[in-house]
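Just below is one structure, and these are the notes that go with it.
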Amino acid sequence: MACSADDLAPLLGINGTGAATYICNQLSDAGHAIDSTYLLFSAYLVFAMQLGFAMLCAGSVRAKNTMNIMLTNVLDAAAGGLFYYLFGFAFAFGSPSNRFIGKHFFGLKNMPESVYGYDYSFFLFQWAFAIAAAGITSGSIAERTQFPAYLIYSSFLTGFVYPVLSHWYWSGDGWAAAAASPGKSLLFKSGVIDFAGSGVVHMVGGIAGFWGALIEGPRIGRFDHAGRTVALRGHSASLVVLGSFLLWFGWFGFNPGSFLSIFKSYGPSGSIHGQWSAVGRTAVTTTLAGCAAALTTLFGKRLQNGHWNVVDVCNGLLGGFAAITSGCSVVDPWAAIICGFVSAWVLIGLNALAARFKYDDPLEAAQLHGGCGTWGILFTALFARKKYVNEVYPGHDNRPYGLFMGGGGRLLGAHIVAILVNIAWTSATMAPLFYVLNKLRLLRITAEEELQGMDLTRHGGFAYVYHDEDSTAPHLATFQLKSATNRVDSAATPEA
């Protein structure tokens, strides 16, 4: 919010220039503090999504693989933190740079940086986004992937693949950035409006997961000898619901937080119209898209399967969030409902297609994040409102907006290019990596290990510890627990 000493000085009387300058400096400092606090709080919310991912993943896999999937979620954050610090942030936002990749701030050298406004809070926020993309991919290849492969792909994704793509769309130097610096050409004079990352985060994570799951192949038992689908249900719907609500909570940092600041007015002094209002509208559109997707999935799956399934509803909810993430700041609330409604059918359709082609993704991550994220990019190009686009992305005259809102087809053209480029870039980088890991026998565990479960064979024991003397279960359950205990003991005792 600008404060002009020249405008303020006459109001302070004689020799008011010095006082006016002092007041404006104080207001400027307060504004930076408010914006930095807002961005840090948003970063904390986005990081809390890692807990949501962990709970969602744990509940969606079988109990014998719980410890494994939880560990991968922890290390997505840990490995991602180091590699984004060393390389990723520089590749993404290392200005000044070329249109393809950044080249400054490796290891956060010369940070904070005043010319581009980069402070440590900005790095933390962007790191939380990077590890979210890696977390998406881990769900696609769950229950059958060797642990070293997780570390390799996660480091590569957060250190190079994701940062380069985010540079294209979110850096002021990027070739497709809607917020490109004044004087720089925009793709179709529009740039790509991917405000919080339907393409940059969700498509990248989903497409990477697709290639990993495709190259590994389905889990043992997922399809029978006749090719029919066999449900390998996750062990805890409770964890799935908990994870979904945590992700919903974190999305209020993911989408509204992508404004990066809140202390900015869009109108005359004293007006209610400002970035704070746009932040609130973005939270509303995010919520409505998820709600519409959840209800649509509820009734759609009821018609398809004949029962009400909470896990399906949670996945539909998250699909709505993934779709609205691109256009959350530039569409009306009523349009967000349309976004969520369509995203639910995109997810249902892609799941049916995956089953038909014997594709196995335990968390539906490729379908949910890749498919619904792609729909979100298209949706934004159709429903972006002119007023909101000009407020969120100022500085360029005659900027196109949504096709259905009267803005012509240039934005749609830019977004179709973005979809194709996202698919091409992620496929060209991640598919060869998974292929090489597979050829080197570093990708998939053995069939014996998969049948026994990775917690026992790779992590030293089950995630859930049972003690016979504490058990009050019926005789059959006690027998099952004793059998599990005997298997652990026999595995731990070397043969004579």
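Heads up, residue numbers simply count up from 1 along the chain you see.
The backbone N, Cα and C atoms fix where each Cβ goes, glycine too.
Since we're looking at a predicted model, the values are computed, not measured.
Pulled from TrEMBL, these are the features on record:
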DOMAIN    38-464  domain 'Ammonium transporter AmtB-like'
TRANSMEM  38-61  transmembrane segment
TRANSMEM  73-95  transmembrane segment
TRANSMEM  115-137  transmembrane segment
TRANSMEM  149-170  transmembrane segment
TRANSMEM  190-215  transmembrane segment
TRANSMEM  236-254  transmembrane segment
TRANSMEM  334-354  transmembrane segment
TRANSMEM  366-384  transmembrane segment
TRANSMEM  412-437  transmembrane segment
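If you look at the transmembrane segment (115-137), the same-chain residues 6 or more away from its ends with a CB under 8 A from one of its CBs are 36, 39-40, 42-43, 46-47, 49-50, 53, 57, 73, 76-77, 80-81, 84-85, 88-89, 92-93, 95, 105, 108, 153-154, 157-158, 162-163, 166, 172, 197, 200-202, 204-206, 208-209, 212, 254, 257, 260, 365, 369. Contact between the transmembrane segment (236-254) and the transmembrane segment (412-437) is absent: fewer than three CB pairs lie under 8 Å, with pairs separated by 6 or more positions in sequence. Most Cβ pairs within less than 8 Å of the transmembrane segment (412-437), among stretches 38-61, 149-170, 190-215, 334-354, 366-384, belong to 190-215. When Cβ-Cβ distances under 8 Å to the transmembrane segment (334-354) are tallied for each of 149-170, 190-215, 366-384, the top count falls to 366-384. Residues 136, 140, 192-195, 198-199, 201-203, 205-207, 209-210, 213, 315, 318-320, 322-327, 330-332, 335, 338-339, 342-343, 346-347, 350-351, 354, 359, 401-405, 407, 411-412, 414-416, 418-419 of the same chain, all 6+ positions outside the transmembrane segment (366-384), place their C-beta atoms under 8 angstroms from a C-beta of that stretch.
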